[in-house]
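Feature annotations, courtesy of TrEMBL:
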- His168: active site, proton acceptor (ACT_SITE)
- Ala66, Gly67, Ile68, Ser69, Thr70, Asp76, Phe77, Arg78, Gln148, Asn149, Ile150, Asp151, Thr249, Ser250: NAD(+) binding site (BINDING)
- Cys176, Cys181, Cys208, Cys211: Zn(2+) binding site (BINDING)
- 38-311: domain 'Deacetylase sirtuin-type' (DOMAIN)
Amino acid sequence: MRKIFSRILSPFKYLNCFHSIGSVRSSSSLSSSSSPEIPSNTDEIDTLIENIKNRKFENIIFMVGAGISTSAGIPDFRSPDTGLFYQLKEYKLPYPEAVFDLSFFKSNPRPFFKLARSLFPSSFDPTPCHYFMKLLHDKRLLLRCYTQNIDSLERIAGIPGDKLVEAHGSFNTGHCINRECRKSFTLDWMKSDRIVLDPDREDNVLHCDRCGSYVKPDIIFYGESLPNRFYLLHELDFINCDLLIILGTSLTVHPFASLARMVRPNVPRLIINKTYPKGMRDIGFSKRKDFFIKSETDPICYELADKLDWRDDLENLIHPTK
């Protein structure tokens, strides 16, 4: 039982640390730079995994962020010389985040659509982490996946739309921004138009075929409310949740991050992130039931699949037999 997670505990393997959140809470600092102690054993995480395997958890919720998509090659926003905001410097934005400002979009949508070419679905493949979530759906253990990401890789991995809450929207649909029109558009329409995919077009924006106004993919801009689906589902979902797995997010963006507090007091939470999440102190972890693994998400999803005896199933999703 200890073979796989003894590998995780090694500082020369995937993790810098694997520890009960109780270790964090007893340390003198909860800052992102702290280095909590590694616990002396992994009995509790072994038990948690056995409970997944034995179907004692049947209403698992994932909360996921940008960290699960970086291995797909999706660029981040802020890296010097390579980040998405850097790619927009020719537009001389008043501030980088203006590309996601609704008022700015209405006056000048071109910077957004240039950025969209770097994020548009079908440009990237899902990661092992995405397929691990699909695997839990196939095992009938997934209640819902709440994602901050707008890349639609969860859908591409095969997770059905009714199992997803895309809290910050997605490219899967779009709408005309003219309030008197508001015609909806499918991803296939936006792709077939090819405007957002063609770097050689000067007018690289989408226009409504009914009224001629701009079409905006349904991702959430500053000044817009989260999707209705988020508000309709989250309260009941998190009451029914029996295991919460948080992947690739620093837990700093609200109201999304606040969802982690909504599970019942006895529900365990497993957090996996490559750095110590800045928002973790605000979520009220319990030393009795919650765990943090400092790692990229893909290696741990492979490790979990091994421990669950689901490695072949995961590989078949990632590399389907033709």
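All positions are counted from 1 along the displayed chain.
Each residue, glycine too, has its Cβ placed from N, Cα and C.
Sparsest Cβ environment among the binding-site residues Ala66, Ile150, Cys176 (other Cβ atoms counted within 10 Å): Ala66.
Under the three-state DSSP scheme, Cys176 (Zn(2+) binding site) falls in the strand class. Annotated pair Ala66 (NAD(+) binding site) and His168 (active site, proton acceptor), C-alpha to C-alpha distance, rounded: 12 Å. Averaged across the domain 'Deacetylase sirtuin-type' (38-311), pLDDT for the predicted model comes to 88. Note: His168 (active site, proton acceptor) has non-local neighbours Thr147, Gln148, Asn149, Ile150, Ile219, Ile220, Leu226, Phe256, i.e. same-chain residues 6+ apart with C-beta under 8 A of its own C-beta. Non-local neighbourhood of Cys211 (Zn(2+) binding site): Cys176, Asn178, Glu180, Cys181, Lys183, each in the same chain, at least six residues away, with C-beta under 8 Å from its C-beta.
Taken residue by residue with DSSP, Thr249 (NAD(+) binding site) is part of neither helix nor strand, so it is coil.
Neighbour count (other Cβ atoms within 10 Å of the Cβ, all protein chains): 18 for Cys208 (Zn(2+) binding site).
The Cβ of Thr70 has fewer other Cβ atoms within 10 Å than any other of the binding-site residues Thr70, Gln148, Thr249.
The Cβ centroid of Cys176, Cys181, Cys208, Cys211 marks the Zn(2+) site; residues of that chain outside this set whose Cβ lies within 8 Å of it are Ile177, Asn178, Glu180, Arg182, Lys183, Arg210, Gly212, Ser213, Val215, given in sequence order. Cα spacing between Cys208 (Zn(2+) binding site) and Thr249 (NAD(+) binding site): 35 Å, rounded to the nearest whole number. Mapped onto three states, the DSSP output places Ile68 (NAD(+) binding site) in helix. The binding-site residues under consideration are Ile68, Cys181. Their Cβ neighbour counts within 10 Å are lowest for Cys181.
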